[in-house]
Amino acid sequence: METSVRLPTWLRDPRYTGENRCVPCTVVNVVIAGVLAAAVATQSVGLGGVVLAVALVTIAVRGYLVPGTPTLTKRYLPDRVLALFDKGPARPGAEPTATTTDTATTFDPAAALLDSGVLVDDPAVDDLVLDDSFRARWTGRARELADRDRDADGAALATFLDVDPESVATVDRGYAYVASIDGEPVGQWESRPAFLMDIAASDVLSGYWTDWDALATAHQSELLGNLRLFVETCPTCDGTVTLDTTVVESCCRQYDVLAATCDDCGARLFEADVDPAALERVGA
């Protein structure tokens, strides 16, 4: 007979485990666990082993042993050391597990969107803007998806990825909207509204751009992410979306990002790292 052990909800902490596990914090906590176990072992080897085992299990299921470890690592470990382990906060996208190829590095999303007519050059503002027809269809489709039950999100993603709908699940973790296939994470977005905008754009592009379905999934995902820079209205609350720079924190580092956020519900629809020095030069 098979048996399984379900950990109490209060013990598990998905913010610091799995894909969100911070390697520097984990290393620091393991070192602390070793020191504590060694100290106890000077009095009792057996008890020291128990302390070490309990500490390691705690780190495994919660991500940390000592509360506040991210603050300690951020304060006392040099940024160059943190960078060896942490390349930055995971950027949500339609399919982060997609294999990157040499051709992907030369793919130009802006050029592709211009060639397809999705983006147009507007002399009035001296910038690229969305084609009015595409924007109207995109926004309308996103609102249709938002009005449906959340259980339909998995089926919509399954259509995009061309997989069995029964194998796809989505969950809103608060800090990200996460999708999985057969229990394995395959993608995450900044929020459900960001997810809806990507799925809606894919639906519209498939009938708007003849080459859309021929693109590699990784290229499609990159294009969809870039399109969210042009979102003006949140699909779930109709609030105004504002594009601005802000500072966000990963587990133990801070980053300057360009972010598109709904003014009404606070949903993040786009986020990407930016170079503060470059922003200063632009503003100078």
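In case you wondered, yes, glycine gets a Cβ from its N, Cα and C as well.
TrEMBL annotations: computationally assigned, not manually curated.
Taken together, the residues in the domain 'DUF8054' (10-87) have a mean pLDDT of 72 on the 0 to 100 scale. The domain 'DUF8054' annotation in TrEMBL covers 10-87 (among others).
Annotated transmembrane segment per TrEMBL: 21-41 (among others), in sequence order.
According to TrEMBL, the feature transmembrane segment maps to 47-65 (among others).
What TrEMBL lists as domain 'DUF8054' is 108-229 (among others).
Here TrEMBL flags 232-272 (among others) as domain 'DUF8054'.
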Residues in the domain 'DUF8054' (232-272) per DSSP class, helix first, strand next, coil last, are 0 helix, 25 strand, 16 coil
